Amino acid sequence: MSRNDKSVEVKATDLKWKKVDVPDTLDDFDGFYGLEELDGVNVKVVDGKVTFTVSEQATGETEQDQSTAAIPNDDAEVDSSDELIEFKNFDDIKEGELSVASSDSEEGDEVSDDAGADADADELTSNVFNANVNFSEVEVELPDWQALGDFSMTTLQGLSKLGYTKPTEIQSKTIPLALEGHDIMGKASTGSGKTLAYGIPILENLIKGKDSARPVALIFTPTRELASQVTSHLTNLGESIFTGRNKFAIMSLTGGLSIQKQERVLKYDGSGQIIIATPGRFLELLEKRSDLVARFAQIETLVLDEADRLLQDGHFDEFTKILKLLSQARREKEGKRSHWQTLIFSATFSLDLFNKLASNGQGHTLKESDNELEEVLKQLMTKIHFKERPTIIDANPFDKVNMQVKEALIECAPLERDLYVYYFISMFPGTTLIFCNAIDSVKKLTSFLNFLRIPSFQIHSSMSQKNRLSNLEKYEKKAQFNKTLHKPTVLIASDVAARGLDIPGIQHVIHYHLPRTADVYIHRSGRTARGQSEGVSVMICSPQEAMGPLRKLRKVLSSGSESQRRQKRGRGLKWQKDVSLLPIEVDIVRQLKGRSQLAAELANHDVSSTSLNKDENWLKKAADDLGIDVDSDDEKKDVYLAKNRNRKLNKTLGKDEYKMRKLELNSMLDQPVRKDMRKKYLTGGLTNLADELVKKRGHGSIIGQSDTDALETLKRRKGKK
Ligand SMILES: Nc1ncnc2c1ncn2[C@@H]1O[C@H](COP(=O)(O)OP(=O)(O)OP(=O)(O)O)[C@@H](O)[C@H]1O
């Protein structure tokens, strides 16, 4: 198509497909192997959909001319965009799918009306072309993204491939300013796309940068998992930049992995242009290799993801040391005036952070009327040297918990937490992430649920990095498989997994223990309802907790300036009205009680005996290292060790006892749980349960229970109020 031709968009079905003769060796199976090709057509992906444009001149000609016009002759200028389209995996296309595309349909074929043909054409385009198009080889248009800035085709192709046709609110507000180099403090709810809000401008700088030796950005995250996730998010988005570029251009630097290997990789040309690091490991590297200080002092952008967490606890000291080293080196090399761009993001710039920062400085306690973010920023500016006063972008000014999260509460006796976790997962067999405040509880709950034949995986901070990542992968794989069977899959974690982790498809978050602070609650609950999806967050607490920690938590969550809240919700809600009680089917709880108790005993045995073995091995190893014999009486003499040992021994079972309980539990688990226990016969009562069973309708493991979706159950309940 020559440049000065105007082009018009045409449907796939209106294109002049040309059959390609298939060699005689292949039986043609009624065209199933029929290859079709096109030329003189410009392919473009707009808003994620494949479109075809041909020159206006070509569409106005006769059938005969069009077919020759479609074949560029020697002297006609062949536009680089003219393409022969060959679709890979042709045999993936179901038979007849292309029949809509071929213009020379056989005589007597049923000619569907226009609307029907259009619908078929759209279906064909989506099934065949969008599913098969290789985004890195076609031109992409994403108008809503391109309105934010002049993006490279690499970024647009990456966004198209990921299916992100529209930016989220925090992305729309952040990206234009970030591209201009401004300092930004961004706040947006969990799962709202903050990673790409700072990631896309940085990727654009990498793509457009001329000097592959100059580092572009340093991104700090509080946990290794989050660093590895941000690395894969950015690598996925910018996938096509790696052809002809060092594959370590984007890399993570975290603990738990070999520091020697990381040093070696950093020596390759073009490596580490974008670094995603945890402060501890990064500081270790800077202190070990002064040349890295000079190198990374040249960055264009510094990012603090989960900034409030990074500036709390242990991270803060490491972080300020890193900034001091880099700022000093920058001043020496490029003078006082030169400074990198700083972007800080979180879903919670919490009061706790403010009070911590204020307590170290000359700050004052925040009054209700103050603007929380402004005050936190004032404090931050005494700790972090910004290039200018950062622009505050608050994409979530009113609500703290993501609006797409439906919250609920289960009140139960302190010793019935396990039973109600089992009840919830039995009733709502989806994907569930359970948070515990203690690692011991994580271990016990994992064992408890596995005894109840509920596939459960654990991640907590005392596991090695390798085990944490492999358990996360095992969970995701199992969840993918169980989803097709409508069976539950559970991940149980300590708060190391509370922040930032973007685990696909988590439907429910359960707070087995109430979190210690409001921001932990917000981040935990934000592991569900990612992107555009919705989710459920359930707190399990005793009546005593309901009047103590829960009351405090709900009041902090429902704080924020009252006028803002009233404006947003029409009237301030009392905290009790914020959260609905999860409806409980008491007769089902009763049926689950026996098996829950047995599983709890078996889990206690498992965890205690494992721990006792570990203690013994540790004691033996310590004695060997000291070259002394361990005398069994020594333990008895040490009061603490003896007490600790007895506590664990009391939870272990004898071999026969263990076997008996396991047999008893398994025979119980083979009995179906039945809603409304009083129904003796499957065919009696209002619903014919036998019919439901045969047709596999309703619940997979509770006969007579139809609801399997917690979100719908809670929405329906909210509607009743
Ligand atoms: N423009 C977009 N359109 C659709 N999905 C998106 C878009 N941007 C990001 N996502 C997806 O939304 C999910 C959440 O993104 P991300 O992890 O960046 O959220 P976040 O705000 O950083 O969350 P958290 O506060 O928990 O760290 C991810 O699965 C991401 O791939």
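Heads up, the Cβ atoms here are built off N, Cα and C, so glycines get one too.
Small disclaimer: the values here were computed from a predicted structure and weren't measured.
Taken from TrEMBL, the feature compositional bias 'Acidic residues' covers 104-117. The domain 'DEAD-box RNA helicase Q' feature in TrEMBL is assigned to 144-172. Marked as domain 'Helicase ATP-binding' by TrEMBL: 175-367. The feature domain 'Helicase C-terminal' is assigned by TrEMBL to 420-574. According to TrEMBL, the feature region 'Disordered' maps to 56-78, 96-117. As annotated by TrEMBL, motif 'Q motif' applies to 144-172.
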Other same-chain positions with a Cβ less than 8 Å from the motif 'Q motif' (144-172) and lying at least 6 residues past its termini are 45, 47-48, 135-136, 138, 179, 186, 188, 192-194, 196-197, 200-201, 203-204, 207-208, 236-241, 393, 395
If I take every residue in the domain 'DEAD-box RNA helicase Q' (144-172) and average their pLDDT values, what number comes out? 94
In the motif 'Q motif' (144-172), how many residues does DSSP call helix, how many strand, and how many coil? 17 helix, 0 strand, 12 coil
